[in-house]
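Taking it in order: structure first as structure tokens, then the write-up.
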Amino acid sequence: MNKNKPFIVVIVGPTASGKTELSIELAKRINGEIISGDSMQVYKHMNIGTAKVTPEEMDGIPHHLIDILNPDDTFSAYEFKRLAEDLITDITNRGKVPIIAGGTGLYIQSLIYNYELEDETVTPAQLSIVKQKLSALEHLDNQQLHDYLAQFDAVSAENIHPNNRQRVLRAIEYYLKTKKLLSNRKKVQQFTENYDTLLLGIEMSRKTLYSRINKRVDIMLDHGLFREVQQLVEQGYESCQSMQAIGYKELIPVINGQMIYEDAVNDLKQHSRQYAKRQMTWFKNKMSVHWLDKENMSLQMMLDEITTQIK
């Protein structure tokens, strides 16, 4: 361990891999507190679809960066990094171990390494104006929206396919918020870590993972996911960026009478599997992770291996 830097444990892995359970049991062993590294669990009222840890599951372990925003608020890697750094300092100063658990690769990477991320924070009044301008573009088809982006950021338009509507909208939103071009944004990674980091990941065969994902979706639906999405739509959150998350965007067309339920469930499972694949690709290509084989290791075996590395 590097005594000159704060020590943190980071647990990554794809959706449905068991990060929550491992992080809680590890926190019990090493006197830790958990910081969520998930971009969606920050939102209130979005519990089932984000697989948010419940108070019962927490079992007395403090959790941070959960339920801190409303669904119409925005959240970025910049905000996550700023808040997580403050939490790490506070937790460390109280003699406890910060454990960051989550599957949002950019958030984890920005925290561990010296990323320079620009502040996209705007006032509520400015955000309202940005939302109005984005709403005015909703009627445009993908090509028209792409052409609009090209008018002020040709480089981003060149690098983003017209059918990738979400990325096109992201580039437009960035410009409306900052008056800067997304293509010029600086994101510099130094090859030194901010912390003395034990970076762990949970892995398993694709067949096992996909089976766990399909089962989890069924459980979410049994626990009321459809009603959760329905309530968010009724509260006026349908057009919010947070509602583009997997688990929410697939069910909105059912609520609006545009798709049958069974097709939406199939889409939800497929999108979840595709997301898990992207997560694993990110972690394996961009980060140096010590992998724990969930298929061949029990929870206790994983905990024993982790605590051995910490000592």
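Every residue gets a Cβ built from N, Cα and C, even glycine.
Record features (Swiss-Prot):
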BINDING   Gly13, Pro14, Thr15, Ala16, Ser17, Gly18, Lys19, Thr20  ATP binding site
BINDING   Thr15, Ala16, Ser17, Gly18, Lys19, Thr20  substrate binding site
REGION    38-41  region 'Interaction with substrate tRNA'
SITE      Thr104  site 'Interaction with substrate tRNA'
REGION    166-170  region 'Interaction with substrate tRNA'
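Positions of the features from Swiss-Prot, shown on the structure.
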residue : record                                 : DSSP (3 states)
Gly13   : ATP binding site                       : coil
Gly18   : ATP binding site                       : coil
Thr104  : site 'Interaction with substrate tRNA' : coil
By DSSP assignment, list the helix, strand and coil residue numbers for the region 'Interaction with substrate tRNA' (166-170), in that order.
5 helix, 0 strand, 0 coil
Round to the nearest Å and give the CA-to-CA distance linking Gly13 (ATP binding site) with Thr104 (site 'Interaction with substrate tRNA').
9
Given the substrate site Thr15, Ala16, Ser17, Gly18, Lys19, Thr20, its other Cβ neighbours within 8 Å of the Cβ centroid, in chain order, are Gly13, Pro14, Glu21, Ala51, Gly103, Ile202
May I ask which residues of the same chain, at least 6 positions away in sequence, place their Cβ under 8 angstroms from the Cβ of Ala16 (ATP binding site)?
Ala51, Leu209, Arg212, Ile213, Arg216, Ser272, Ala276
CA pair Thr15 (ATP binding site) / Thr104 (site 'Interaction with substrate tRNA'), Å rounded to integer, equals 10
Only counting partners 6 or more residues apart, tell me which same-chain residues put their Cβ under 8 Å from the Cβ of Ser17 (ATP binding site).
Gly103, Ile202, Glu203, Met204, Leu209, Arg212, Ala276, Lys294
Under 8 Å by Cβ from Gly18 (ATP binding site), same chain, sequence gap 6 or more
Ile202, Lys294, Leu299
At a 10 Å cut-off from the C-beta of Thr104 (site 'Interaction with substrate tRNA'), count the other C-beta atoms across all protein chains.
19
Looking only at C-alpha atoms, tell me how far Pro14 (ATP binding site) is from Thr104 (site 'Interaction with substrate tRNA'), rounded to the nearest Å.
9
What are the sequence-distant neighbours of Thr20 (ATP binding site), meaning same chain, six or more residues apart, C-beta distance under 8 angstroms?
Ala51, Val53, Glu57, Ala101
Binding-site residues compared (Thr15, Lys19) - highest count of Cβ atoms within 10 Å:
Lys19
Quick note, Lys19 (ATP binding site) and Thr104 (site 'Interaction with substrate tRNA'): C-alpha atoms separated, nearest Å, by 12
Which residues, same chain and not among Gly13, Pro14, Thr15, Ala16, Ser17, Gly18, Lys19, Thr20, have a CB within 8 angstroms of the centroid of the CB atoms at the recorded ATP site?
Gly103, Ile202
